[in-house]
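As given in TrEMBL:
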type	residues	note
COMPBIAS	305-319	compositional bias 'Low complexity'
DOMAIN	2-91	domain 'Lipase maturation factor 1/2 N-terminal'
DOMAIN	156-282	domain 'Lipase maturation factor 1/2 C-terminal'
REGION	302-385	region 'Disordered'
TRANSMEM	23-44	transmembrane segment
TRANSMEM	56-86	transmembrane segment
TRANSMEM	106-128	transmembrane segment
Amino acid sequence: AVHYYTQPLPNPLFWYAHHLPAWFHKATTVATLLVEGPMCLLIFSPWAWHRYLMFALFLGLMVGINATGNYGDLGLTTIVGCLTLLDDSLWTSKPASLIGLDALGFIRLFVIILVVLVYISVSLVPLIKAARGRIPIQLPAMLLKAHEVLSPFQFLNSYGLFGSMHDFRMELSIEGSYDGQVWHRYLFKYRVGDPTKRPPILLLHWARLDWHLWFVPLEFVMAKQHLQPPHLHQVDGWYAAFIGQLLVNSTRVLRLLDHNPFRERPPMYIRSMFYDYKPSDKGQEGLSWQMTGPVNQYGLPLMRPPATTTPGHTGTDTGVEGPTSDPERHTGGMTAPNSNGETLDRVPNPAPGPDEVSHDPNLSCELKKPVSLRARRGHQQGEEE
């Protein structure tokens, strides 16, 4: 059941699929594991009806996955690839190819079996790596060497973008402020954000920015699990550049968003907060999601230098503390360029005031004080001691 609401960009049908009976979720889970696991061997079968069966199962799987989510052309690409499972006789007048009992037929069958065994054996290497230690198996050195030799040819890869499941949905909320106390959030066209907004249906449209932002919370959680404290205060370069464009109200970047709460002039600060989302319960009219948080913070707020001018706004913002030369207030010298070639300093959280309520008319929710990850981690270590 968690797949329907944890997928990158769900569509409106996800809510109904999530609330289906438990027996349906168990049955579809077993069917998926069978189709994507042992039954895949049938695609190597010399008998055409085995391949026809797998084509039908793969087609049904892709239709089911895309029925509740927006995956662009991924499903269609997979279906096109599965067309190779169909026999040539379906497209031409050439009779179906069958393996006879003659010598040539036995040789073909032997080669097929040999290729399948090698393929399955070497595929164990990325499978064990994807398990991240949950499968305690020591693979032979010869198998590791074979995988190293074949890897450049892209014959064998890990499961893909969704090699493991997670049972949570944590969304990144990008919020701006003039004074560091009252924050207003940016809203996106396709991402989960406003709990009252129904998810869109995109068909083959690929919302690259919204899709890419879905991976940020997952990477953050993985960094925490692997105990990488320095990385918890850092953000990816592309993300810092994206925030830098928001700090100068870049028209090209703002076209990708659904709502900009700073139309008159850009904000002085932008912070990135994580919120938990779960599907709304039955009977909660007007809501698609239940939103709680913030539960954590991504990096530290970025601040626009006070002297920065932007199109449509001249002069200098006043009343807000500017960048300081105190090295203890910075985070290792990380900067992000803006459209004018200037740099944006990463600074600690501006002194937060009491809990404020967002004045965004499209999404009104209470935004709590951001909590320093360093302080949170220190508090947890103190409790353990």
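Quick reminder: no glycine exception, Cβ is built from N, Cα and C everywhere.
Automated prediction, rather than curation, is the source of TrEMBL annotations.
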Task: Helix, strand and coil residues within the domain 'Lipase maturation factor 1/2 C-terminal' (156-282) as assigned by DSSP - done: 36 helix, 26 strand, 65 coil
TODO: Restricting to the domain 'Lipase maturation factor 1/2 N-terminal' (2-91), report the mean pLDDT as a whole number.
DONE: 90
